[in-house]
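According to Swiss-Prot, the protein carries these features:
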type     : residues                                    : note
ACT_SITE : Tyr194                                      : active site, proton acceptor
BINDING  : 10-34, 63-64, Asn90, 194-198, 231-233       : NADP(+) binding site
BINDING  : Phe95, Lys96, Met97, Gln106, Ala193, Tyr194 : glutathione binding site
BINDING  : Ser140                                      : substrate binding site
MOD_RES  : Ser30                                       : phosphoserine
Amino acid sequence: MPSDRRVALVTGANKGVGFAITRALCRLFSGDVLLTAQDEAQGQAAVQQLQAEGLSPRFHQLDITDLQSIRALRDFLRRAYGGLNVLVNNAVIAFKMEDTTPFHIQAEVTMKTNFDGTRDVCTELLPLMRPGGRVVNVSSMTCLRALKSCSPELQQKFRSETITEEELVGLMKKFVEDTKKGVHQTEGWPDTAYGVTKMGVTVLSRIQARHLSEHRGGDKILVNACCPGWVRTDMGGPNATKSPEEGAETPVYLALLPPDAEGPHGQFVMDKKVEQW
């Protein structure tokens with residue numbers, strides 16, 4: 001029989017902001033905290049580090065680019081808990097500025113993890129969300145810059161209050177195809193694959209929020225995208241202005257919004273404040 005214990009899950013949780021989010025949830029969330037990572041050894045090492053601090057996370061392997069891996073996690077959650085209370089989608093990749101990998105390959109690889117993988121996790125796990133659940137999709141301030149660098153026509157599409165998930169997926173695919181053809185700039189796209197994937201995650205959050213309000217309005221499940229800020233991680237580099245713990249503050253705030261909270265919902269949140277999209 002599944003336990004009725006509350007459970008929170010963090011993807012990409014073995015280092016950086018994901019690790020800091022997991023540590024904070026272990027301290028503040030009343031229930032089990034699942035630390036997930038693509039690499040089992042790195043994930044177990046992260047769990048041991050938190051155990052040495054007197055915390056008790058559980059580990060489950062998760063590769064968000066592998067549907068079988070996502071479904072194995074989904075089945076585990078169903079069996080062990082029968083549901084999910086908090087989902088923090090943090091797993092991400094980014095190419096360094098100096099990376100010489102051709103841009104169209106960077107676009108394809110970044111999209112596969114940051115947008116497609118996050119979307120697949122949501123498709124499989126959102127149906128498990130319990131009433132009062134919280135979904136946090138970790139995005140980035142680069143998505144705002146990327147949006148402002150899009151053509152007016154693309155900006156209008158990404159800001160639409162009625163855009164569907166299918167339309168969003170179509171736009172993300174078009175970006176990758178346009179990079180392969182070498183026409184992404186003339187088609188109105190910015191020159192940042194990472195920024196475009198994070199635009200996708202932010203708009204996906206808006207769509208998910210709308211869908212949950214329409215179909216499960218009484219359950220008060222809140223979904224938001226957020227920016228942790230510029231954080232000293234492998235990705236952010238050593239000169240960034242925030243520690244991982246400071247970067248975790250907004251995602252954790254959204255993950256632990258009180259049960260009676262009406263919002264934020266379907267918003268892009270930075271430093272615990274809603275940013276205009």
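Including glycine, each Cβ sits where the backbone N, Cα and C put it.
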**Prompt:** What count of other C-beta atoms do you get within 10 angstroms of the C-beta of Lys96 (glutathione binding site), across all chains shown?
**Reply:** 10
**Item:** Rounded inter-Cα distance in Å - the residue listed as 'active site, proton acceptor', Phe95 (glutathione binding site)
**Value:** 8
**Message:** I want the residues beyond Phe95, Lys96, Met97, Gln106, Ala193, Tyr194 whose C-beta is within 8 angstroms of the mean position of the glutathione site's C-beta atoms, in chain order.
**Reply:** Ala94, Asp99, Thr101, Thr110, Thr192
**Request:** Give the number of CB atoms, excluding that of Ser140 (substrate binding site) itself, located within 10 Å of its CB.
**Result:** 26
**Item:** Closest of Met97, Gln106, Ser140 to Ala20 (NADP(+) binding site), Cα positions, binding-site residues only
**Value:** Ser140
**Item:** Pairwise CA distance, Asp63 (NADP(+) binding site) versus Met97 (glutathione binding site), rounded so that it is a whole Å
**Value:** 25
**Message:** Please give the maximum pairwise Cα distance, in Å and rounded to a whole number, for the glutathione-binding set Phe95, Lys96, Met97, Gln106, Ala193, Tyr194.
**Reply:** 11
**Request:** By CA-CA distance, flag whichever of Phe95, Lys96, Met97 among the binding-site residues is nearest to Val196 (NADP(+) binding site).
**Result:** Phe95
**Request:** Please tell me which one of the binding-site residues listed here (Leu25, Ser30, Ser140) sits closest to Met97 (glutathione binding site), measuring Cα to Cα?
**Result:** Ser140
**Message:** Around the C-beta of Ala20 (NADP(+) binding site), how many further C-beta atoms are within 10 angstroms, looking at every protein chain?
**Reply:** 25
